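See below for the structure under consideration.
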Amino acid sequence: EEEARSAACGDTRAAILSVSEEQAEVLVRGPGCGLRPFRLGGVFGLAASQEVVYERCGRPAVADLLNGRSSCVLVYGQTGAGKTHTMFGDGTADPRLGPAASRLGLVPRVCAEVIEATQARRGVGVDAALRVAYVEVYGNEVTDLLRSGASIGATDGGADNHFHAHRWVLEGRADVPVDSVEAALALISQGDACKRKAATAMNERSSRAHALFILSLSQSAGGVERTTRLFLADLGGSEKLGKSGAADGFKSLVVTSGGEEVSRISWADYYRHRARLQESLNINVGLYALQRCIEGLRRRDGLRARGAPSHVPFADSRLTLLLKDALCGGARTTVLVCASLEARNAVESIH
């Protein structure tokens, strides 16, 4: 009641006022919008377990993959809101065994179920093969986390392939065959060790790029072969540059006043601060390109109905090039938004 009265009196402070799992609604107060309910496809409260999240968001994607439909699960939100925890969880215990399995996220659970289903299908005469890739997108650079962070992304001819971007990364370059849960867990651990990470004001071990774990399943029976893909994307933090603290302490190489040198820092310190700043800028550029592509896809159907040309700017970013086939066509996309309930993070959560 006090929050509502404050809003009615013109209080412009942002806040998340309530979270309703039953009604799949989040009630917020924000500058310029007052009290506003956000109605979503589903809402997970603070007590939601990793298993519950997997049942709602991961298992349908697994069913799509096994039934010949490509799909994508994107985890979006500010640094420290729980994106990587949701996607990967804590540890690499076998999802099938022990209490530690309850802490595992979407990726290990998806791998376990797909591998078990693949083995079962082989038993009934279906030729099924699973390959995975674990890559990181940093600006316009794509690195292979399963090969010590080696840079990948150019075709044999040296030109970027803008038409089949996921194949440009996966075809003989980043994909690895997997036939057991143990092998999949080992690859996840191997890739995690190669990620770009650094301390920020919002997270001591913040991922400084977008991470994509991609499963490619090829199945053939009766002379018909089909390959489908599931993209699991742990997107970089969506917060504003000032909130992340990446720009804190950034200084010019030389500071002058009245023509006189006031201070100077070493080249090493200058480039170190500049690199941290550039990391945050690269994350924001990729997220902005993703936003533009989603908006373009929403407009495309209306334009086509009127016979007008349509364009979706997938080529603006390596991130959107990689996700292209998972965002359009017959693919299904699920977006998991991780939001903080803390008042100091309310503006970012509403954004």
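Sequential numbering from 1, following the chain as shown.
Placement of Cβ uses the backbone N, Cα and C atoms for every residue, glycine included.
TrEMBL annotations: computationally assigned, not manually curated.
From a predicted model like this one, the values you see are computed outputs, not experimental measurements.
What TrEMBL lists as ATP binding site is GLY77, GLN78, THR79, GLY80, ALA81, GLY82, LYS83, THR84. Per TrEMBL, the feature domain 'Kinesin motor' maps to 1-351.
DSSP assigns GLY77 (ATP binding site) to a strand.
Of the binding-site residues GLY77, GLY82, GLY77 has the largest number of other Cβ atoms within 10 Å of its own Cβ. By neighbour count, meaning other C-beta atoms within 10 Å, the densest spot among the binding-site residues GLN78, THR79, THR84 is THR79. In the three-state DSSP scheme, GLY82 (ATP binding site) falls into the coil class.
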